[in-house]
Amino acid sequence: MTTLTITRPDDWHVHLRDGEVLADTVRDISRYNGRALIMPNTVPPVTTTEMALAYRDRIQAHNQTEQFSPLMSLYLTDNTTADEVRKAKASGAVVAAKLYPAGATTNSDSGVTDVKKIYPVLQAMQEVGMLLLVHGEVTTHDVDIFDREKTFLDNVLAPIVQDFPDLKIVLEHITTSDAVVFVKNANENVAATITAHHLLYNRNHMLVGGIKPHFYCLPILKRNTHQLALISAATSGNKKFFLGTDSAPHAKGAKESACGCAGSYTAHAALELYAEVFEQAGKLENLEAFASHNGPDFYGLPRNQDTITLVKDAWPVPASMPFGGDIVVPIRAGENMEWKVK
């Protein structure tokens, strides 16, 4: 197959950052996506409806397309109120709230210290129909970084699913076979996003032959057996799994340092990267469901009405890309991509 036409895709998990870099990140995310769900872990975090609406306006100021719309999310803290959730839902612009366990990832220090503290908020979310997005890792120092996801599933997420059976939950950027099994076995209100880089790479790519800092992300890349489980889930056509890139840019110097930041930038070529995975798995026919159907269906939103076309046409990824007054090194920097969006 050398061409593939699919319903216009959406990205259900992306980091655009804030300030002058929006000119670059919005350009990349809006190139062919219909919608993107914008993560709220900016500095300061997006904790109120007013902040979410203001952030959306800053994003839209750089949107040069007609088809792209940013969808906003709230950052949950120990102090988030049920009233704020209702206000966010009523705004029509905020579609979800994000649970970051405190300290789990970039700019998560303001996150939730104990899930029980936000149970009234989760109850309100269940009542008004606002989705809960979850960064599924525990942050206690006694848990190995490669076991954080499994421990979170057992100790944190399972009780939430049991206590709030009607709350729609997205387990974001899953990285383990354990998460695949959890989502498959959970009720119909639990789904998951999967990134391109967790499908393409495992921890050997990051660590063998020298440390590759641009593969360092959170949740961290796992062993090959988990990677294969993710590929199987993503390409299966199962409606519980859909596209969320977790594209997370950092300036080159912040990645290539003695204490490098976590995050991989894929927004420049996300759909093309996914297409490679699906082609290698012999499941290109399921890319449309993963990229364009399952996400809006789970969110209760209409599918996009127009289409985009991928062609088998090699093109080089630049060694770096503009990032405000700095540069970002994208995934596949200096290499060729096999697919291209026309």
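Numbers here mean position along the shown chain, with the first residue as 1.
From the backbone N, Cα and C atoms, a Cβ is placed for every residue, glycine too.
The Zn(2+) 1 binding site annotation in Swiss-Prot covers His13, His15, Lys98, Asp246. Reduced to three states, the DSSP call for Asp246 (Zn(2+) 1 binding site) is coil.
According to DSSP, Leu218 (substrate binding site) is assigned to coil rather than to any helix or strand. Swiss-Prot lists His15, Leu16, Arg17, Asn41, His135, Leu218, His250, Ala262 with the feature substrate binding site.
For Lys98, the entry in Swiss-Prot reads N6-carboxylysine. Listed in sequence order, the residues of the same chain lying 6 or more apart from Lys98 (Zn(2+) 1 binding site) and placing their CB within less than 8 Å of its CB are Met39, Pro40, Asn41, Ser73, Leu74, Tyr75, Leu76, Leu133, Val134, His135.
Annotation source Swiss-Prot lists Zn(2+) 2 binding site at Lys98, His135, His173.
Around the Cβ of Asp246 (Zn(2+) 1 binding site), 28 further Cβ atoms fall within 10 Å across all displayed protein chains. The active site annotation in Swiss-Prot covers Asp246, and the record cites sequence analysis as its basis.
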(request) List, in sequence order, the residues of the same chain other than Lys98, His135, His173 whose Cβ lies within 8 Å of the centroid of the Cβ atoms of the recorded Zn(2+) 2 site. (result) His13, Met39, Leu99, Tyr100, Ala104, Thr105, Leu133, Val134, Gly136, Glu172, Asp246
(request) Express the distance between the Cα positions of His173 (Zn(2+) 2 binding site) and His250 (substrate binding site) as a whole number of Å. (result) 18
(message) My understanding is the cutoff is Cβ-Cβ under 8 Å with a sequence separation of 6 or more in the same chain; which residues meet that for Leu16 (substrate binding site)?
(response) Leu22, Thr25, Val26, Ile29, Ala36, Ile38, Met39, Ile59, Pro70
(request) Could you measure between Asp246 (Zn(2+) 1 binding site) and Leu218 (substrate binding site) for me? Cα positions, answer in whole angstrom. (result) 10
(request) Between the Cα atoms of Ala262 (substrate binding site) and His13 (Zn(2+) 1 binding site), find the distance and write it as a whole number of Å. (result) 16
